[in-house]
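S.K.: Features from TrEMBL:
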| type | residues | note |
| --- | --- | --- |
| DOMAIN | 17-234 | domain 'CWH43-like N-terminal' |
| TRANSMEM | 109-127 | transmembrane segment |
| TRANSMEM | 133-155 | transmembrane segment |
| TRANSMEM | 176-197 | transmembrane segment |
| TRANSMEM | 209-229 | transmembrane segment |
């Protein structure tokens, strides 16, 4: 007896939002902090030999993220595994999350900034500090990532205010206030890192470089918190993401 094919009208898979959120928000920060912790625990010799690039006689004090995820083994392999796991759900949520806002310039710009942020993270990894492209290309993509993150946070806060979403419930108001605090902290961390790195290189200041590293560490966590707040709002309405095959007409 012939069996029907296809057996279902639209093959579908439902992905729980909880796991998508963890993979797309906290996984990168957890991966970065794991690599840095591994460096502190097992890479004391590498840290002791690390000097400022412009001042070969000055010890750096703390390892920057760029070396922990891009230059040293096995941290680099750990980070690549994290990135490969993170990018597919991040790409999926990047295309879905902006759709909660009404069509218009705001939604379009959120799409653009989210894509910029996600792609820049990949390019930071591809063009690491030891790549043939050089440090300046790596730094340029880091700047693109920071700009994309700041811009997407500003746009989300602006749209919450513009649509009066922040006033619809206590939960949304708390999310609005939390987003404002996270944005302010993120901008301050970016500004301090942007100031301290060239200062440490120009004046050969080990303490300035160490503080730069601390602010750099904080950026990973703040970015994760910013996205977690967005997806917490998203999860108040949706429980998962459905991917379905679209039949031909």
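Each residue, glycine too, has its Cβ placed from N, Cα and C.
Remember, TrEMBL labels are computer predictions, not curated facts.
As the structure is a computational prediction, the values presented were derived from the model and not from experiment.
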S.K.: Going along the chain, which residues at least six beyond the ends of the transmembrane segment (209-229) come within the CB cut-off of under 8 Å?
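M.R.: Apart from its flanks, the transmembrane segment (209-229) reaches 21, 24-26, 28-29, 32-33, 36, 52, 60-65, 146, 149, 152-153, 175, 178-179, 182-183, 185-186, 189-190, 192-193, 196-197, 200-201.
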S.K.: For the transmembrane segment (176-197), find every same-chain residue at least 6 residues outside the stretch whose CB is under 8 Å from a CB in it, and list them.
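M.R.: Distant Cβ neighbours of the transmembrane segment (176-197) are 146, 149-150, 153-154, 156-157, 160-161, 165-166, 208-209, 211-212, 215-216, 218-219, 222-223, 225-226, 229.
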